[in-house]
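*Asks:* Below you will find the structure I want to go over with you.
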Ligand SMILES: C[S@@+](CC[C@H](N)C(=O)[O-])C[C@H]1O[C@@H](n2cnc3c(N)ncnc32)[C@H](O)[C@@H]1O
């Protein structure tokens, strides 16, 4: 869809002309063209590299020739890739500048629906911990769904305010703030976004961003990194906000090495470097990102001698469901069996007590009488669970029926719990009852699309 350029708000066009006097016409014209569709792959689930143009600044991402109906691709539901516009994937280059010794704790403060969080989960090491936070309660379920499907177990999800993080003290090595903004960079994807734009709204965004920055800043350790991004071009929401942050604390700006052919715009504002993705120069959406290294001294978090929360150890564990057990702490909460990464027990308990932690561990099984039912989170793990469960390979048509929880027949033999799979990637559990089977795909995630005609798979060409 295109919107004639004279439909953009005149105050916005005026500011763009001031901000980019040489290239404003190209800039504004480019807003009438859609950005290219791109996906970021989960290498642990999607194994063969597609023969498509790579996103140059991200290791596992490519541009698609057109937008398929992703909902009709079982691999999309399985967390084998995440549909994300390319500019945001530059987070990877920003994250590459992080130079911290030992296991890291990373906070993604404004995380829903999870584009940056799933990316961060791929970028961090297995012994790091990602705290993915979303303050708006109604946006938390999609964040949990996307992270769960992405298949790592070294993340927790919270629903807290920036201030609650600041009050913890300096706990984090990396703080990612992908701030709510006036969204100018999204005008070409969603021309409606332009209707919501006004100078007053942009000003409100800037004030809110300063509050988020100031309140969460104490949560970052000395020597830690702030990665700040928005999807707007407005200096008042970008470099000027970071300049203002100097009044709150000490930092140095970190430059990100660029390649000319990326066409990314580096700006420098009072010693702060920022990276802009302009619509007439890149295939992705409009985006801004900057990296700051905290230099001021901070007070380390004081952990309580005793936590109020106790992790009740389960009486027994199911055999062979989880391959590596040494690095995990298993616990039981009511009838739920869960685990957390053992190395982060203290930190996770602290978050349980101080924040609204809505997902603090991997729920892999549920006790039912004398049985343990495997949970969907177990099916989604990148750690292979297929040694304990046979894979039941489905056709695309049956896979979609499975994902929709339709009534349909399958030829089943073998063990009673099996992992329904597509292209070798698990979709979820089925239980073989002899003449029929039970579908354990989560009801709340089920595919609701009725019309499933013409469902091409973009990677099979
Ligand atoms: C740009 S979006 C985040 C997109 C996400 N990082 C991703 O890559 O998928 C900004 C997020 O900030 C959240 N938000 C809104 N108001 C906020 C506030 N006052 N403090 C923190 N986050 C806020 C929004 O709910 C939204 O999820």
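Using the three backbone atoms N, Cα and C, a Cβ is placed for every residue, glycine included.
So TrEMBL has the following annotated:
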| type | residues | note |
| --- | --- | --- |
| DOMAIN | 16-295 | domain 'SAM-dependent MTase RsmB/NOP-type' |
| BINDING | 110, 111, 112, 113, 114, 115, 116, 134, 161, 178 | S-adenosyl-L-methionine binding site |
| ACT_SITE | 231 | active site, nucleophile |
*Asks:* Across the listed S-adenosyl-L-methionine-binding residues, 110, 111, 112, 113, 114, 115, 116, 134, 161, 178, what is the farthest Cα to Cα distance, given in whole Å?
*Replies:* 20
*Asks:* Taking the Cβ of residue 114 (S-adenosyl-L-methionine binding site) as centre, how many other Cβ atoms lie within 10 Å?
*Replies:* 27
*Asks:* Please list residues from the chain of residue 116 (S-adenosyl-L-methionine binding site) whose Cβ is under 8 angstroms from its Cβ, counting only those at least six apart in sequence.
*Replies:* 88, 91, 108, 176, 178, 229
*Asks:* Could you tally the C-beta atoms, other than its own, that fall within 10 angstroms of the C-beta of residue 161 (S-adenosyl-L-methionine binding site)?
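*Replies:* Taking every protein chain into account, the count is 18.
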*Asks:* For each of the recorded positions (110, 112, 231), count the other CB atoms lying within 10 A of its CB, then report the residue with the highest count.
*Replies:* 231
*Asks:* What average pLDDT does the predicted model assign to the domain 'SAM-dependent MTase RsmB/NOP-type' (16-295)?
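*Replies:* Averaged over the domain 'SAM-dependent MTase RsmB/NOP-type' (16-295), per-residue pLDDT gives 96.
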*Asks:* Calculate the distance in Å between the alpha carbons (Cα) of residue 114 (S-adenosyl-L-methionine binding site) and residue 231 (active site, nucleophile), and round it to a whole number.
*Replies:* 15
